[in-house]
Amino acid sequence: MKIVIIDYGAGNIQSIQFAVKRLGLNAVLSNDPEEIRSADKVIFPGVGEASSAMNKLKASGLDSLIPQLKQPVLGICLGMQLMCNWSEEGDTQGLGIFDVDVVKFSTRVKVPQIGWNQISDLCSPIFKGVKDYEYMYLVHSFYVKECKETIATTSYELEYSSALQKDNFYGVQFHPEKSSSAGAKILSNFFNLL
Amino acid sequence: MLTKRIIPCLDIKNGRTVKGINFVDLRDAGDPVELAEIYAQTGADELVFLDISATEERRRTLADLVLRVAEKVNIPFTVGGGISSVEDVDRLLKCGADKVSINSSAVKNPQLINDLAAKFGSQCVVVAIDAKQINGKWMVHLVGGKVSTELDLFDWAKEVEERGAGEILFTSMDNDGTKDGFANEALAKLSTELNIPIIASGGAGNMQHFTDTFKEGKADAALAASVFHFKEIEIVDLKKELKEKGIPVRL
């Protein structure tokens, strides 16, 4: 199986690559459209600030490539947020794959949310064998509202989308690569998708 | 519900784990990668690696260690010690560190906090603050507590938050190594006045101390070294105890 991690200069790519390796698989890093198009599975990572990450995507033309991909694509953290319509962070226009906006937590809670929180209302094959209310590691200041594409929710200030799915596109707000054996299970499920 | 985090801290010197009692005496406590893997498997929520070596090749040694840890460990970890530039941070994050912790370099050059937050995001910028009470005032200290400054703990903490720090790791020099509990009064004040997570450090001796720092100290996470390294407290037992006391933990 050919796994490509999109390398556009935004994110902790090394950790994802190691997590894939711990599953006995191999992932290549690439920003080459041909290489990405030919992959069986694509991981779209992202850490940092939304508008600068989006600018990096645009600079390499990946902003038009990603929404056209036909194979399973997994956006992680900021990657998932960039797959949405719009983000309050830097007033950023996203890729528009998920029909929902990304907004900031209020000051009623500590921001960023850092740590292990639970995911529930799981409804996607990527959660096969993962128990309801499993703990995942999250680090974020902005969140995706609940919407029709929500496949998992988490509670922090309010219920929000901690995972999304539309057709072949998946997104997770948490870091499966850093979420112990339960996170590894989700990655493994994603790689096992047909 | 977001859980309270338990964070073992591994002091590193020349690629090996050490633990300073009051930051002076050092005892060897094993291979960092092996220890990190054990902690990841036995309930630690995060790890902190604090490099205290002072050799010329420290940067390369630390980057190499980070790479080896990232390969094996499936929970987040923070790296600190001697980090003073955007380039240092870039290298460590590329090797697989999730966050970096800066201390003296932030005091000497506060703009570094802004630069790191802008380039890598606040989520990976932890500012460590060591402080002790002098005439009733909490004063910031540097170089593992050896050098005093004119900075007030709470003023400095607010400044680092405004500059973009994602988290504060507060070590009370008065409590560190005493095993008499965390500095909960100062912690509660930090946690209430600031809107970023606060990690409590210094003073852990028994399980009750952790309960107290989460309840009275309002800490978001608690860091300790020797009580974990010398198996005086098993993390899974600690978490069961915390859960019984009504504190949300990942079990």
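Glycine residues also receive a Cβ, built from the backbone N, Cα and C atoms like all the rest.
Per TrEMBL, these features apply:
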type	residues	note
ACT_SITE	B:D11	active site
ACT_SITE	B:D130	active site
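The two recorded residues, B:D130 (active site) and B:D11 (active site), have Cα atoms 15 Å apart. Cβ neighbour count for B:D11 (active site): 25 (other Cβ atoms within 10 Å of its Cβ, all protein chains included). Its Cβ taken as reference, B:D130 (active site) is surrounded by 26 other Cβ atoms within 10 Å in the chains shown. In three-state terms derived from DSSP, B:D130 (active site) belongs to an extended strand segment.
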